[in-house]
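This report refers to the structure that appears directly beneath it.
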Amino acid sequence: MTNPVVAIVGRPNVGKSTIFNRIVGERISIVEDVPGVTRDRIYSSAEWLNHKFYLIDTGGIDIGDEPLLVQIRQQAEIAIDEADVIIFMVNGRDGVTAADEEVAKILHRSNKPVVLAVNKIDNPEMRDLIYDFYALGFGDPYPISGSHGTGLGDLLDAVARHFPKRGQEEYEEDVIKFCLIGRPNVGKSSLVNAILGEERVIVSDIAGTTRDAVDTTFVREGQEYVIIDTAGMRKRGKIYESTEKYSVLRALKAIERSDVVLVVLNAEEGIIEQDKKIAGYAHEAGRGVIIVVNKWDAIEKDDKTLIEFERKIRDHFPFLDYAPIIFVSAKTKQRLHKLLPLVRMVSENHAMRVQTNVLNEVIMDAVAMNPTPTHNGRRLKIYYMTQVAVKPPTFVVFVNDPELMHFSYERFLENRIRDAFGFEGTPIKIIARPRK
């Protein structure tokens, strides 16, 4: 089950972005630790009392030169489409405006839970201003102050009460779940159709967090697979065309529910910055990754074309150096027969466990080959390493002082682990801890 989505909706200048930043806090910059990966500020992950959720700020959308009420209406409709819970924000100092009433009408039709937040109630004397807003028909309004941060706890408590209860896992453990992500026109839908071929497709309406997330289940060579959110690849209404950023949110939710992510590139168009961002989402999420170059039939080739394209990919995505690359054509079916075996291999690597004694033989050999670094006259000592998790494989290495573990030495250890055990297609995490 994915984390729920909360959208902040309201007319311009009611303080949506301020509240967004208040709720998100410091988390907005965390994602920028990954080299070459930046994230649009329109949405972020957030947490309140152990409830993790995505927060989207509809005010971050620029819908162009449309009249103001049309823009507000479009933003509200996008939020309704994507969100599990909606924070409807109004400005307490302005009273109820015609634009507020317009948004309220749309939200009433949505059947989504709505929590009404009255912003700019900056001191207790102003609380009486909230009573006019009962007329909007959303029950008790919550007084908040974006500038002071007051009232947010009560507001988030009310929001969290509407979160769906966490159920059991949607699919059996041995089912391989994968998704295809990529910018528009890279051929995701045609790839899905080519993978499925003429087989009878069992479309199961598994409730994701959106009403229209449809997963496609099929069996190939005795292995059950699920392509996550095939509906998301086909759904492109007018609003989505004008607000491309929202397809990112759908991709994030699909990634979260997948074991393996296929990052799809368009061979004809080459690699652009947006591809890098999209690939970064899969890497950050710790999923298995395969880079799929589609439309390979459409470009003129000589004996160097494939090698040069592969080098370009490695240059653009240094953080995905573990991901295999496959060149395919959904149209001519070129190399498509190799895709599912690759998905299966990466899924197995993503869930692989290594015995502690075998792992430590590799680590001790690595240290003998390349002694540990020193800092200010102190040398890093490695006592032992153990694997603590899978999906992705996560290792804890016990040392005398974690501060002495330089990232380049950590990288060296990761490469030795990969040389010994494979792990193609999956990120590896190494955490240095002091020995108690």
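The backbone N, Cα and C atoms fix where each Cβ goes, and this holds for glycine too.
Here Swiss-Prot flags 4-167 as domain 'EngA-type G 1'.
The GTP 1 binding site feature in Swiss-Prot is assigned to 10-17, 57-61, 119-122; the stated evidence is sequence analysis. Here the Cβ of ILE121 (GTP 1 binding site) has 25 other Cβ atoms within 10 Å, regardless of which shown protein chain they belong to.
Under the heading domain 'EngA-type G 2', Swiss-Prot lists 176-351.
The annotation GTP 2 binding site is assigned in Swiss-Prot to 182-189, 229-233, 294-297 on the grounds of sequence analysis. Around the Cβ of ASN185 (GTP 2 binding site), the number of neighbouring Cβ atoms within 10 Å comes to 10. For the recorded site, ASN185 (GTP 2 binding site), the DSSP three-state label reads coil.
Counting residue by residue with DSSP, the domain 'KH-like' (352-436) contains 32 helix, 24 strand, 29 coil. Marked as domain 'KH-like' by Swiss-Prot on the basis of sequence analysis: 352-436.
In this model, the domain 'EngA-type G 1' (4-167) carries an average pLDDT of 79. Annotation: THR58 carries the greatest number of neighbouring Cβ atoms among the binding-site residues ASN13, THR58 [cut-off 10 Å, Cβ to Cβ]. The Cα atom of GLY182 (GTP 2 binding site) lies nearest to that of THR58, taking the binding-site residues GLY10, ASN13, LYS16, THR58, ILE121 as the candidates. Cβ neighbours within 10 Å of LYS188 (GTP 2 binding site), excluding its own Cβ and spanning all shown chains: 24. The two recorded residues, ASN13 (GTP 1 binding site) and ASN185 (GTP 2 binding site), have Cα atoms 35 Å apart. If you measure from the Cα atom of TRP296 (GTP 2 binding site) to that of ILE121 (GTP 1 binding site), you get 58 Å.
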